[in-house]
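Novice: Sharing the record's features from TrEMBL:
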type: TRANSMEM; residues: 96-116; note: transmembrane segment
type: TRANSMEM; residues: 136-155; note: transmembrane segment
type: TRANSMEM; residues: 184-205; note: transmembrane segment
type: TRANSMEM; residues: 211-229; note: transmembrane segment
type: TRANSMEM; residues: 333-353; note: transmembrane segment
type: TRANSMEM; residues: 373-391; note: transmembrane segment
type: TRANSMEM; residues: 412-429; note: transmembrane segment
type: TRANSMEM; residues: 459-478; note: transmembrane segment
type: TRANSMEM; residues: 499-515; note: transmembrane segment
type: TRANSMEM; residues: 535-554; note: transmembrane segment
Amino acid sequence: MAEEDVYTKDGTVDIRGKPANKSKTGNWKACRFILGNECCERLAYYGMSTNLVNYLEDRLHQGNVTAANNVTNWSGTCYITPLIGAFLADAYLGRYWTIASFVMIYIFGMTLLTLSAAVPGLKPSCDKVSCHPTKAQVAICFVALYLIALGTGGIKPCVSSFGADQFDETDETEKKKKSSFFNWFYLSINIGALIASSVLVWIQMNVGWDWGFGVPTVAMAIAIIFFFTGSKLYRLQKPGGSPFTRIFQVIVASFGKLHIKVPDDPSFLYETADEESHIQGSRKLEHTQKFKFFDKAAVETETEIVKGDKDPWRLCTVTQVEELKSIIRVLPIWATGIVFSTVYSQMSTMFVLQGNTMDQHIGPHFKIPSASLSLFDTLSVIFWVPVYDQIIIPYARKFTGNERGFTQLQRMGIGLVISIIAMIVAGLLEVRRLKYVQSHNYYDLEYIPMSIFWQVPQYFLIGCAEVFAFIGQLEFFYDQAPDAMRSLCSALSLTTNALGNYLSTLLVTIVTKITTRNGNLGWIPNNLNRGHLDYFYWLLAILSLLNFLVYLWISRWYIYKKPTGRAH
């Protein structure tokens, strides 16, 4: 085998910093440790977060709106902190060492949360009626939660990109496997979530919150072991320096040459002569015609040519300019993911509160916690991922001619449509539930005799939407990101979850403020039997439809990136 075929050509190295050997590193043999780590880490995360709204209501004595908003604010923060981890990974540490550092903060937060629910003095005192937390106990709980949010910020943006790094993009055989990786990566997340939403939620509601938070903490410890065990097999992308610095250099250089005309022939724009990009760990990018204003940064003035002046704040390469253009191109697509994430966030808030009012019994003795119904979302994902990978893609390929079956944008668009249907189904169920309450005068009944399993279709539809929208989004942001900005773009895709949670909080707050005027109970009172949660679902369905129409308009003019050459 020729030496050039022994090593990867995408700039990856092994754990010792030497060029990555294709036969000894990467591929599925390395990914099994990454997938195992992700499964256990997500089990820990969802084991703690799925039922959090009930913990805040039960032990911290918070009302429906306060608890729901605290959960969405915290969940939102869990998807904002990845910007910190992504910056450190792309600029200085690399993905491997960023994950290795932040898991320690994560497990410290998990341990503190477990202690706050288990140790006398740290856990709230409870009588038969309610619990009575002190300000200090509430503070310790929220310090633990936000330590977890910080810890997850170093893992979320890096782990999917780190797994995709195990496949060399310059090798056609390995490149085809990469698309499947994102499907199986999301499947591993949902296997962890399945155990969390079934077994762990049951433990929390029936055994105790100490065990309910203790088991996820152990799962996180197992995740850490999984991750470090595979170290010798991993391929590591070298950090390429601060992506923000490169972006600002292009902006400054463009405005510095405000009055300079961009040549019609892009070959006159400045680029390094050799095959490799000057950016560490990145391939060159072909010039594109859109956002031509920023091409000014790559125009060499006569003074720069004569003096050989290559000041990066005055002259940037085409690749550096195209990095900025790539980010600008994905931003509108990114923005349309926010409303979808708002719909998704209802599973941990409004769906749970809706389920709390329904009959949760399976047979005469066993009672399923309402938060456990999210396992049907997880089962839906576990069902649809292999169906999509093994059946839908080959079938769609015959009609589209696309190797992936659908383009990434088509895949995300299908997910947005399914999310609209999910909100309509949730709204119809609430209409049916309220009619049942009215016809039997069950306004003050804690649990109405209507099975909670009527919620299964809305959970199943959300799971189906995830397989199209969220996995499509993961693949899209990795694929369309410049090589040296992949963690940052993965973090950017995750911020849609954050903003979706914050938008949910904002909508609930505005709706509550408007609908409770003049002494009215509002759409979302503590007793949902006297409210109109269905109106909130219709609001989300209308917002989702408008969002989809905007998405169709944006996706029509999107141009996919074109890398060239090789990384160093």
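Glycine is treated like the rest: Cβ placed from N, Cα and C.
A TrEMBL annotation is a machine prediction, not a hand-curated record.
Can you tell me where each of these features sits in this structure?
Specialist: Proximity of distant same-chain residues to the transmembrane segment (96-116), defined by a Cβ-Cβ separation under 8 Å and at least 6 residues beyond the stretch ends, is recorded for 15, 41, 44, 48, 85, 88-89, 122-123, 137, 140-141, 143-155, 158-159, 162, 210, 213-214, 216-217, 220-221, 223-224, 227-228, 231, 234, 236, 487.
Residues 41, 45, 48, 60, 74, 77-78, 80-85, 88-89, 98-99, 101-110, 112-113, 116-117, 122-124 of the same chain, all 6+ positions outside the transmembrane segment (136-155), place their C-beta atoms under 8 angstroms from a C-beta of that stretch.
Note on the transmembrane segment (373-391): residues 50, 180, 183-184, 186-187, 190-191, 193-194, 197-198, 347-348, 351-352, 355, 452-453, 455-456, 459-464, 466-468, 471 of its chain, located 6 or more positions outside it, place their CB under 8 angstroms from a CB of the stretch.
Beyond the ends of the transmembrane segment (412-429), by six or more residues, the same chain brings 333, 336-337, 340, 343-344, 346, 350-351, 354, 406, 454-455, 457-458, 461-462, 464-470, 472-473, 476, 534, 537-538, 540-541, 544-545, 547-548, 551-552, 555 to within a C-beta distance below 8 angstroms of the stretch.
Residues of the same chain lying 6 or more positions beyond the ends of the transmembrane segment (535-554) and with a Cβ under 8 Å from any Cβ of it are 332-333, 336, 338-340, 342-343, 346, 350, 412-413, 416-417, 419-420, 423-424, 426-427, 430, 507-508, 511, 523-524.
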Novice: Do at least three CB pairs under 8 A connect the transmembrane segment (184-205) and the transmembrane segment (211-229), leaving out pairs fewer than 6 apart in sequence?
Specialist: yes
Novice: State the residues, same chain only, that lie 6 or more residues beyond the ends of the transmembrane segment (459-478) and have a CB under 8 A from a CB inside it; answer 'none' if no residue qualifies.
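Specialist: 160-161, 164, 179, 182-183, 185-186, 190, 330, 333-334, 337, 340, 343-344, 347, 351, 373-374, 376-381, 383-385, 388, 408-409, 411-412, 414-416, 418-419, 421-422, 425, 486, 489-490, 492-493, 496.
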Novice: Mind checking which residues reach the transmembrane segment (499-515)? Cβ under 8 Å, same chain, six or more beyond either end.
Specialist: 65, 68-69, 72-73, 75-76, 79, 337-346, 349, 522-524, 532, 536, 539-540
